[in-house]
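S.K.: First the structure, which I've put down as structure tokens, then a few questions once you've had a look.
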Amino acid sequence: MRLRNNPAEAPDASPLFEDTSRVGHGAHPGGYRNQLAGPQAGGLSWSVHPVRPHVKTWLWPTAAPWHRRGKEMVDKNLDRFIPISKLKYYFAVDTVYVGKKLGLLVFPYMHENWEVSYQQDTPVAPRFDVNAPDLYIPFMGFITYVLVAGLALGTQDRFSPELLGVQASSAFVWLIMEVLAVLLSLYLVTVNTDLTTVDLLAFSGYKYVGMIVGVIGGLLFGRLGYYLSLLWCCAAIFVFMIRTLRLKLLSEAAAEGKLVRGARNQLRMYLTMSIAAAQPVFMYWLTYHLVR
């Protein structure tokens, strides 16, 4: 029979691991205490204390004004270059608006009222007015165009990530150059208009819808389908841009359908025609190599 050893008679054997479960926060294990004995004896303290609650209470009122000031400065400078608050207006769309707008971009010939609705000198959100510009359709159109371009390249065994990146970057660069050229033209002609840079970006981005239709038509029906569908979309975007921009760039008399007179109004009319005519050129330039 196995007898239990008496603790008083057990040999004083050193344990493999030192039991530190009962050591308080102020005490250290044996070896660690011996290592710190020398420096502590010399007057050095190696203890690390957490931040006390009263210290946090004292620091926060001091740092809070600097935090608010830095946040206000960042928001002010960011809103100067990227109007975040105004961008929300251009994405205030719904499914009904998107469907009507796509139909208007493809078939604008039967639409009569092209004026943007206002409420207390502020344009209503796009979901309440199909004539209001938005950034949702241009943004999604750009992404869809890149995906369709990758599909077209893949069907021709020419797909590669590098080539798809070149396709996307070239389309984006041409869009930025187009907007900058229009802004420079408006400055040179001295047109007093309420068009903003975001509005021009939205109107210039609507051509991606026709580009997608043209490439898909080419994938389904060959080059003949591409040319027919692209020709239809080019004519549609030309009419859409003319009827939309004439209310923004031309005088009130021209907007009402009266005869345009005066050198300045003639320049505005030529500028409107040039912006509208540039859309089919970009549409063909960015899609003709995707269909073979």
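Heads up, the Cβ atoms here are built off N, Cα and C, so glycines get one too.
Here TrEMBL flags 1-34 as region 'Disordered'. The transmembrane segment annotation in TrEMBL covers 135-154, 166-188, 200-220, 226-246, 267-286.
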S.K.: Do the transmembrane segment (135-154) and the transmembrane segment (200-220) share at least 3 Cβ pairs closer than 8 Å, excluding pairs fewer than 6 residues apart in sequence?
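M.R.: Yes, the transmembrane segment (135-154) and the transmembrane segment (200-220) are in contact.
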S.K.: Which bits of the chain, at least 6 residues beyond where the transmembrane segment (166-188) starts or stops, bring a Cβ under 8 A of a Cβ in it?
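M.R.: For the transmembrane segment (166-188), the far contacts come to 142, 145-146, 149-150, 153, 195, 197, 200-201, 204-205, 249, 271, 274-275, 278, 282, 285-286.
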